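Q: The structure follows.
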């Protein structure tokens, strides 16, 4: 246990719980995001951060004050914040003449910056501007990525992974089917990324699966990719490594068919067929028909002989 | 007449029913062949209409895509690889929004169809909401922190594993004879009375009568606590050294150990372009032993090298052969054997106890199996036999 293996042991149960929540575990906590404003953040960027905070509640922290840092030059400030608030995802918004309406989305591994991608906001429609009904806070969104460039280009692939990590929410074992209300749709076309959020309406269709109608809701962003700071391949591979204990244990002697049939295997000892009990098995008894045939066959040679 | 049509009946069932009805109609033979033909035509029409309706329903949820979508239902994720219609999306705002919305609707329809196909049940009885079991997320995402490393065992843990000592679960309440009730082991109103109110401390038989027993008690407690803390820190340092020391750099201020400095010096020597082959050594620095992974597993001394060293080596050999001392260090060999035996016994005992359970633990506590007394006796008896054996060999 890490909390008790420190030089200064925690003196209260509360401190111990606090440390245990932050130590590395086999199955990790849901990733928290920190939303930070840069030195000269304008209204658009502030609104974007507020809307994303509303989407990501309660797994996000919105910092109210401006922080004068440049993430691409110096990452120590971000790492310090990450360590203090135990957040591994961040969204940094700033604005200047060279990079207007700038948004840097990134993630951390072991409190050090892993990936950072800078996106420029071309158009933004806020939650307040769309006058439709909204879905409740903390709904797990459905994520859809459209566009073949998300697989072909390395930077877009990392961006896809970052966006999934950012918006996916807690990992749940089961979900209420009627509660699938929120969908985030990302389309990558012509060097631009369109992010749209819709509220899902389930309409009756004749069969079991409902017909989907979408209603525009929530923040919609038109983004363009600017600079990137991606982790090297080996660091990325190291961060993807899962401990062996999480691998599903394979049950021996059980196998599955393509059609879903489960087969079991039983190991028997070698059976001595000479010692099989044949006297008490009805099926092996001679039938009366067979008996008479045998008797005739057996007695007839006698008869012919005598005759 | 034909049976009333229920909406949503499956086509097959409907058809067989209609066919059966038609069959009975024909079988009755009451009407002529013309009426039967008309009935057959009506049946055909109805079947066609039913098929139309079914197709209509399926059409409302059917989506046509060139490339199938990839789904990761654990993350509620769908990946569409089809290249989107770039021409349409380049246009004006309204048209673009409509196109994006249509695309989103199609993709969401496919994803929801997949989710509805999962095994679902009613949570909380028959009236509860329909809940689907999600599989494990398949998309590999990087971790937040590196996976935890198991810490190496402490000195006590190693010893306990060797001896086969297992941790006994202590109860939280202890019977207090004086108070005649169950009291907690430590804390408020503990068993054994309040230590602050112990007003008498007996002077033991061999102690100095002028010594302050209370002060002695306090001092001993302080020493015990300090020793415990020291051992804990030593265990931590050992664990830290075993795990992270090769990765961690040298301690900046003079708290380095001799081994650490040696390691750092060796690494510094090897960090040249020619990997340390031409680095001069300091006057008192010992020569590096050549066996450090030099590329060959066995290295032989050159044939005509150091004559003095060869001479001394041969003389040592002769001396060893002619001396009466046994070449085997008996005590070391015996101790090693005992340790191995103990470890084996501990392993088998652990296995047996796992099988037997409570019975095994009770049998373990039988006297006469503790290590110290019997171990020393064994040690005294063994050397005699060992010496005798070796002497017999020589003769």
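Yeah, the Cβs are placed from backbone N, Cα and C, and that goes for glycine too.
TrEMBL labels come from automatic prediction, so no person has curated them.
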Q: May I ask you to indicate which of A:232-269, A:270-307 is given in TrEMBL as region 'Disordered'?
A: A:270-307
Q: Do you know the mean pLDDT across the domain 'Brix' (A:31-234)?
A: 93
Q: Which numbers of helix, strand and coil residues does DSSP report for the compositional bias 'Basic residues' (A:277-286)?
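A: Per-class counts: 3 helix, 0 strand, 7 coil.
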